[in-house]
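Colleague: Let me give you the structure first, and then I'll get to my questions.
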Amino acid sequence: MSIFNSLTCSIFVALVLIGEAFLLSRAQDPSRLSLSYYSKTCPTAQDIVRSEMDCAVKTNPRNAAFMIRLHFHDCFVQGCDGSVLLDDTATLIGEKHADQNVNSIQGFELVDKIKEKLEAACPGVVSCADVLAIAARDATILVGGPYWDVPVGRLDSKTASVDLANSDIPTPQQPLATLIAKFLEKGLSVTDMVALVGSHTVGMSRCVNFRERIYGGDFQLTSKNEPSSQANLAKLKDVCPADGGDDNVSGMDYYSPTVFDNAFFETLVQGSGVLSSDQEMYSSLLGFQTSRIVDKYWADAALFFKDFADGMVKMGNITNPQGGEVRKNCRFINI
């Protein structure tokens, strides 16, 4: 390694350590949240969400990934406050058409259906932000992933921010240092980041997000032209032509794309991750910490499940300090 690269790594390590040292101080206060928040006001809330998610995932397994992604994209903008669900109005510009949301996040009709059932049972009690948090947990379980207790009591924001959605949500093209910085800013550690990215085991990606990787030579570089990786590359090129087909999708886990397991990390170890941002965790010069975590998760599914569950709780505890309301309709603020 050159002196320059060694210095770069040293600076990067220092920045990560400094960032992680301030995680607790930068994390927002989740004191409003509790496991028993709806025990008296809506004791059937979680049962209702689970029932609707069960039907939805049986109908279309992709609904699981939709709910996990919605919760993630919600929490990274203003905290977990349901802002991602707001439609545009004459007085409010929502986040649905932000760069990382348009053509990417789905499942809004499912949220509407869950919310309608909750309003029928307990009017004006359960927030849309809590719907996302509970549904993301149930979605994970229904496709084979871990269980975790979901603290509830979030409020729905009365605002949204396209600008924050564009700046704060990680993108498939960003380098590892940028991705780590974005997670640290939210009070999430490097371990949290790798674990949460593991949700890509049931995720799909649009062709436009990985075309440059498969046709620009990066895939061949990281996979070292191994036969199994070349077979994966051929599959990706069948899905994603060099021109056109931007909305064609491929699973980010070649082996079990509808099952929540640790097979996604095998793709990274092989160097055949679909997204550049994912593969950077294993192949980047600065990936000395993240690559070790990837190796651990590929070797130990139980460890991945534990860290994923812990990471989802930490992410879900990012609340909006501005407070809010309990929306009657998740798409619009109350009048």
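Glycine residues also receive a Cβ, built from the backbone N, Cα and C atoms like all the rest.
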Colleague: Based on what TrEMBL records, which one of CYS42, CYS55, CYS75, CYS207 is disulphide-bonded to CYS122?
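Modeller: Record-based pairing for CYS122: CYS42.
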Colleague: Return the single residue from the recorded positions list (CYS75, VAL77, CYS122, CYS330) that has the minimum number of other CB atoms within 10 Å.
Modeller: CYS122
Colleague: For a quick check of understanding: among the disulfide-bonded residues CYS42, CYS80, CYS240, which residue's Cβ has the most other Cβ atoms within 10 Å?
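Modeller: The largest 10 Å Cβ neighbour count belongs to CYS80.
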Colleague: For CYS75 (disulfide bond), find which of the binding-site residues ASP81, SER83, PRO170, HIS200, THR201, ASP261 come within 10 Å, Cα to Cα.
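Modeller: Near CYS75 (disulfide bond), where near means Cα within 10 Å, the binding-site residues are ASP81, SER83.
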Colleague: Within 10 Å of each Cβ, count the other Cβ atoms and name the one among the binding-site residues GLY79, PRO170 with the highest count.
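Modeller: When each Cβ's neighbours within 10 Å are tallied, GLY79 tops the list.
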Colleague: What are the other residues, in sequence order, whose C-beta lies within 8 angstroms of the center of the C-beta atoms of THR201, ASP253, ASP261 at the Ca(2+) 2 site?
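Modeller: Counting only non-site residues, the set is GLY198, HIS200, VAL202, TYR255, SER256, PRO257, VAL259, PHE260, ASN262, ALA263, PHE264.
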